[in-house]
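First up is the structure itself, then whatever we jot down about it.
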Amino acid sequence: MWTARLSSIAVLTQVVGTWADTITLNWEITWVNAAPDGFHRPVIGVNGKWPCPPIHATVGDTVVINMKNSLGNQTTGLHFHGINQLDTNYMDGASMVNSCPVVPGSSMTYSFTADEPGTYWYHSHNMAQYPDGLRGPLIIHDDNDPFDGEFDNEVILTISDWYHQQTLTLVQNMLVSSNDQWRPPLPDGMIVNEGGNTDIELDIGTTTRVRILNFGALTAFMLRFGSRDMDVIMTDASYVQRETIHQLRIAPGQRYDVLVSATKKDKGKNIPYLISMDLNRDFTVSGTWTFNQTGYLITDAKAPCTAKEVVQQWRPFDEALFTPLDEMPLLGPLDRTWTLNFALCKDMNNIPRMCFNDQTYVMQKTPTLYTAATVGNANTDPSVYGAVLPFIIEYGDVLEIVINNLDPAIHPFHLHGHQFQVVERPESGSGSFDGSSTANPVPPRRDVISINGGSYARLRITADNPGVFLFHCHIEWHVEMGLTATLIEAPEMLDGYDIPQAMIDSCKAQGYPVAGNAAGDTINVWDDSGYLTDPPSTYSGSQWPVPKGGNSQKSRPRRKPSGQSSQTRQISNMSGEFQHRITW
């Protein structure tokens, strides 16, 4: 069980009359052999160890990570999930969006301010690496925590699906024309605390804050702490009014902070709690459901841990019904509406993809932020960004994002750079938004929301964070299928945006443009002839051991064949691809 222990070099600086630390971490990203569920496989670790270490900071601290890529055969990078990166958009870590990936043998420094408290996590946002292990908790503590004094200690509880094969093989097997059911890789099991200790020490008469994170690539999880209630105090790093519930559903990417207590009646007992993988239509359920795990709330270290927790029916609390602690009212009036219709699709090679508005995200040659920073006033024109499904809003705009889920399954969607208000999220089968629904006057805020099958969700933000931010499904396999769009926020304030020279040099070293439109054209930024529009027919990535010769060939997005239209040919009324690199 992770504890709130800070392992770093801390330098004190005075900020606005208070003391803040600079948390400096030196990380070497390496392959490590691990067996969290008893099956040995290569995983991506830090400084020769796995699980990857937690990061602990306090509001106002500066977090600095000096990262060296020693994988030998794969580019990498770090994204800090839930951190809004105000004024540091280039640190968001999404490959070819905010920066270029970091090649083997080279280094990159990430630096950002821990400006908002909460439970976050970091992970690779490059080539589906985080299911291979590159992920860890990021906790920002609050000296002014409104729940201070209501708990005695805290622990971290991570949950994840787990695969015995490496990501490269899984994605290669998924992106084939014979996969006509759009079947994602199915996990071989689940792990809690990355295969570590699942027990939570809970002394009689005390309350523990449990920080729950779902690191999964595909599945949501159900959680119940035995016969006792849990009090939710935070959702996705947003304080909420204390809500007493019995069961919780945690989607991929989501986090919950809950309080769990032990009373005198628990003396001498070790109380079982149950985590179960959410039943999903992609699974063939056998007679015995094996994807669950029992942990214990330990009130007596000498007492046996033999009792089992049985749940007859999962009925979790609705994640869209929490009330923000500050009771911030619904944003409005609206300035813009961004409607995204999500559905399954296929590309011109009959390979299964996923589409917003009949289009799939295609990674471009120039990082999208670099385009916004270098094309002048043209950065307000969506056409200069290529096939990244761009949507542009001005500073101060109130934006409503409407996502119509045309698929019968539940999908978790995540927005970088913001905590959005969940205006409305109807039950499954409600159909697409018809404009007639009412809004929650005091909506909860979070950065991942599960959208029910055959239904929709409405989300609102104020454009107060200039930058380039992805909006995507947080099922990692669906990101690889292309279920991503791009928010270009306040481009009028991004012209000439100052990007660290080290990041520019990293792009140049790989042959990527650092200025101009999506193709790197600085002369005629409206010339789309060099844009990438085709989904690659092969997927290249990493697999251990490192091939002979050390570093793999430099991977580059595929060029559009000469004379081909800038729009991908549609099959089944769909098109496109996402961020798969090919070797040429």
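Glycine is treated like the rest: Cβ placed from N, Cα and C.
Not measured: the values here are computed from a predicted model.
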Matching residue for the Cu cation 2 site, where Swiss-Prot names His123, His474 - out of His81, His141, His164: His81
According to Swiss-Prot, which candidate in His125, His246, His411 joins Cys473, His478 at the Cu cation 4 site: His411
Cu cation 3 binding, same site as His125, His472 - Swiss-Prot member from His416, His418: His416
Residue, out of the binding-site residues His79, His81, His123, His125, His414, whose Cβ gathers the largest set of other Cβ atoms within 10 Å: His125
Listed binding-site residues among His414, Cys473, His474, His478 whose Cα sits within 10 Å of His125 (Cu cation 3 binding site): none
Assigned conformation of His123 (Cu cation 2 binding site) - DSSP reduced to three states: strand
His81 (Cu cation 2 binding site) versus His414 (Cu cation 1 binding site) - Cα distance in angstrom: 9
The domain 'Plastocyanin-like 1' (29-144) - residue tally per DSSP class, helix then strand then coil: 6 helix, 52 strand, 58 coil
